[in-house]
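Novice: Starting off with a structure, shown below.
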Amino acid sequence: LQSVNWQTASNRQAHHTDRFYSQDLIVRRGQPFQVSLTLYRGLSSGGRVTFTASTGPYPSESAKTKAVFPLSNGTSSSGWGAQLVSSRDNILNISILSPANAPIGRYTLDMQISSQGSDSAMKLGTFILLFNPWLQADGVFMSNHAEREEYVQEDAGIIFVGSANRIGMIGWNYGQFEEGILNICLSVLDNSLNFRRDPATDVARRNDPRYIGRVLSAMVNSNDDNGVLAGNWSGSYTGGRDPRNWNGSVEILKEWQRSGFRPVRYGQCWVFAGTLNTVLRCLGIPSRVITNFNSAHDTDRNLSVDVYYDPLGRPIDKSSDSVWNFHVWNEAWFVRPDLGPSYNGWQVLDATPQERSQGVFQCGPASVIAIREGNVDWDFDMPFIFAEVNADRITWIYESNGALKKNSSDTHSVGKYISTKAVGSNSRMDVTEKYKYPEGSSQERQVFEKALGKLKPRASFSATSASSLAREEREPSISGKFKIAGVLAVGKEVNLILMLKNLTSDTKTVTVNMTAWTIVYNGTLVHEVWKDSVTKSLNPEEEIEHPVKITYAQYEKYLKADNMIRTTAVCQVTDEPEVVVERDVILDNPTLTLEVLDEARVQKPVNVQMLFSNPLDEPVKDCVLMVEGSGLLLGSLKIDVPALRPKERSRVRFEILPTRSGTKQLLANFSCNKFPAIKAMLSVDVAE
């Protein structure tokens, strides 16, 4: 053998891997690739050529991690094959075909030539084999072109955050094609517990997207296995980065590799989901990021979450159950031969460490269609995911004598506005109806009963009907809600109005205990910032307004990057059950503006300007701007911004160098001592 030409450019184009920055030959399974071999002399007529493709540390033919196949003129059956396309002089053009269910990963290709009684063996080199969503025979096949472009090839996206009554969005740089990312994604698999325990079996199972998805859901969090990200919901992020500061997965994956595979600090749910999305798309499994508002975290599989209050209206962190303002997970697209063809398609994977599954913090794959049908006894982790979107919310109140009393139950609030980025645009696509039947429909309650019956046989019907009876007995005589008055902005006073309405034709006296706490988005209580108690008399059918004012001085020190304040009012009419009124408000950050100052062209430096005005009556300092964007700059930029006097406006210019044409997403995060994470994003059209 004189030389090998891997025909990288044409192979990568044919295999839809031409966007990877890596110099490797990257091909997709089940699809032929071409290689040209130049020999020192032509093959003699009786010469035999065999190839060996192998992957993993212990390749074996029985495990299908090694294949030995001859050079032939015809095509082979389902396995590996090599076909002689043409030979001219001493050059052989060969087409190599892998099976559509081969394990993915890094392969070595060797060649043996037996000619005139002598054998010679040589290593031709390595290539990387990925899943093939373009191929019908592959379990990850996706037939729709626009969806494939979005869910495999798109390297930037949108993640929805906030709360059900205030949906916000952030940009995220997936960057699955960036330099080194594919190698890091393969390292994620090689660092898993399964690989460490039994590498031969683990590599053999890498032909199955179900297996890879489940392993990745464990590896993207650092619990159990020194995975990629350490979670932290405490509100204190010393020793790491505030989860709200990340702009994408590339920095996270690179830092994990740089540190010798030590967990990167810190992640919260959208960071885990953004990172898992990068790894899935990188390996060729179509995937998307899903946000569920009012997401239940049910720890005891009873399809209800319990929330507790003390008599003064303070929320209590008593139970491990909770309702998150939002929770973010992933869906990956593949077949479910274990469940049957009706359950192919989107499968939930969740890398946020919430509950153990088979002893490890991992979650999924769970078929979205099976969740909708309430098949909670199927693989994997169905009860937990079903509860996230369906659980009933039960409110309990401690009486002043210490007794615990069930106050109310709410079957409607959990699992709202389940959202993902639309194909080809930044709009929100609502996928709630894929997870459950319409709220209040007969099918929805039937599915809930079915699920409860599978989880708690016999007990189910009596328990739910008893609770609904108890609820009908004591209808409250008053109702309440918090209404927002004025703007909600960090640095400004928060103005709310508690509306109280007498629902009866008698006069009622109400004692109201109110509190406000800053919180993390998953409900973690950070600090009480305000409280008040009033007693009001309400005439028959009367509705009154009670103003609530929380000043910046009161909440400033305790507000986290979530910008969330939870206000609660426990309203008591003597000898009646309390009425609990609660509202989480989200305060707006000041605006961060990005503008491109020149026309953007490939390989031509472009100036970008950031504008920020300090809205406060006090200076802000320790200001840092972090910028990234796949195809617009390599790596990320970190710019120290001078301190700003009260009301001062800042203008910062920096340069980017686009490497790809098309519409690209530029992401910025501005942080300082008063504003931990202000986000901006800008679409940049890059010309050739």
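FYI, residue positions are counted from 1 along the chain as it appears here.
Heads up, the Cβ atoms here are built off N, Cα and C, so glycines get one too.
TrEMBL lists these features:
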type	residues	note
DOMAIN	261-353	domain 'Transglutaminase-like'
ACT_SITE	C269	active site
ACT_SITE	H327	active site
ACT_SITE	D350	active site
BINDING	N390, D392, E439, E444	Ca(2+) binding site
Novice: Among the active-site residues listed here (C269, H327, D350), which has the Cα closest to the Cα of N390 (Ca(2+) binding site)?
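Specialist: Result: the closest of the active-site residues to N390 (Ca(2+) binding site) is H327.
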Novice: Of the recorded positions listed here (H327, D350, D392), which is spatially closest to C269 (active site) when Cα positions are compared?
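Specialist: For C269 (active site), the closest Cα among H327, D350, D392 is found at H327.
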Novice: Which numbers of helix, strand and coil residues does DSSP report for the domain 'Transglutaminase-like' (261-353)?
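Specialist: Within the domain 'Transglutaminase-like' (261-353) the tally stands at 18 helix, 41 strand, 34 coil.
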Novice: Given the recorded positions D350, D392, E439, E444, which one's Cα is the least distant from that of H327 (active site)?
Specialist: D350
Novice: What are the other residues, in sequence order, whose C-beta lies within 8 angstroms of the center of the C-beta atoms of N390, D392, E439, E444 at the Ca(2+) site?
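Specialist: The surrounding set, listed in chain order, is T411, H412, V414, G415, K436, R445, F448.
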Novice: If you count the other Cβ atoms within 10 Å of each Cβ, which of the recorded positions D350, D392, E439, E444 comes out on top?
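Specialist: Answer by Cβ density within 10 Å: D350.
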Novice: How many Å separate the Cα atoms of D392 (Ca(2+) binding site) and D350 (active site)?
Specialist: 21
